[in-house]
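Below is one structure, written out as structure tokens; the observations come after it.
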Amino acid sequence: MSLELALDVQYATTSDWLPTEEQLMLWAKTAIGNGMDRAELTIRIVDSRESQMLNSTYRGKDKPTNVLSFPFEAPAEIELPLLGDLVICAAVVENEAREQNKTLEAHWAHMVVHGCLHLLGYDHIEDEEAEEMESLETQLIESLGFTNPYKEQ
């Protein structure tokens with residue numbers, strides 16, 4: 001059974017290169033894939049200012065970050081296919097890609113996969129959880145034709 005994904009993409013910034021809605025759809029479907037048969041997801045691509053404001057408000061960190069995940073948490077008695085929202089900062093992704101010698105496309109794919117896994121409940125706070133999440137991310141990213149995102153370039 002293939003995933004039916006309703007994706008809302010919001011481009012709230014500009015850049016020399018941003019992923020297309022088709023690329024975002026492919027990467028999100030790959031990450032969510034077998035976890036659900038229907039899902040709704042919003043991906044908002046923002047500038048550093050908006051990322052910093054959200055990161056400060058929700059995580060207490062007064063700086064922009066690559067990706068923020070906001071899972072939708074419905075009351076237990078309500079079953080909705082709403083997965084949640086991802087907010088991705090284009091400038092941070094660009095800087096990280098450059099620093100890590102990765103292509104923009106590869107790093108964007110990694111950030112979408114990483115964020116979707118957070119929405120599915122994965123985390124990387126504890127070492128054991130981090131290993132599980134990174135292993136799954138690596139499998140998913142490699143299935144998309146990119147190299148291991150955690151391998152030093």
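FYI, residue positions are counted from 1 along the chain as it appears here.
Just so you know, glycine gets a Cβ as well, placed from its N, Cα and C.
Within 10 Å of the C-beta of HIS114 (Zn(2+) binding site) there are 24 other C-beta atoms, taking all protein chains into account. What Swiss-Prot records for HIS114, HIS118, HIS124 is Zn(2+) binding site.
Each of VAL67, SER69, GLY115, LEU117, TYR122, ASP123, MET133, GLU137 belongs to the same chain as HIS114, HIS118, HIS124, is absent from that list, and has a C-beta within 8 angstroms of the C-beta centroid marking the Zn(2+) site. Of all the binding-site residues listed here (HIS118, HIS124), the one with the fewest other CB atoms within 10 A of its own CB is HIS124.
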